[in-house]
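**Student:** A single structure is presented below for examination.
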Amino acid sequence: MAKKSMMERHAKEQKFKVREYNRCPLCGRSRAYLRRFDMCRLCFRDLASKAQIPGVKKSSW
């Protein structure tokens, strides 16, 4: 989990557009963010294994 201070800082309007970055809305993680699903890889993996994300299934080959 991200610190509460980091979450509050992210919510503020940035002075420059370049400083904006994506953060997972579920856990607050800023790294390994998947834009397509709007969450980090850890939350994505957890929800996908519980079959809570429609259209996602485990691949095997």
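Cβ from N, Cα, C; glycine included.
Feature table excerpt (Swiss-Prot):
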- C24, C27, C40, C43: Zn(2+) binding site (BINDING)
**Student:** By the DSSP assignment reduced to helix, strand and coil, which category contains C24 (Zn(2+) binding site)?
**Tutor:** coil
**Student:** Long-range same-chain neighbours of C43 (Zn(2+) binding site), Cβ under 8 Å, sequence gap at least 6?
**Tutor:** C24, L26, C27, R29
**Student:** For the recorded Zn(2+) site formed by C24, C27, C40, C43, which further same-chain residues have Cβ atoms within 8 Å of the site's Cβ center?
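**Tutor:** Going along the sequence, the neighbours appear as P25, L26, G28, R29, Y33, M39, R41, L42, F44.
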**Student:** Please state whether DSSP places C40 (Zn(2+) binding site) in a helix, a strand or coil.
**Tutor:** strand
**Student:** Indicate the candidate from C24, C27, C40 with the smallest number of other Cβ atoms within 10 Å of its Cβ, considering only these binding-site residues.
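**Tutor:** So among C24, C27, C40, the binding-site residues given, the one with the fewest Cβ atoms within 10 Å is C27.
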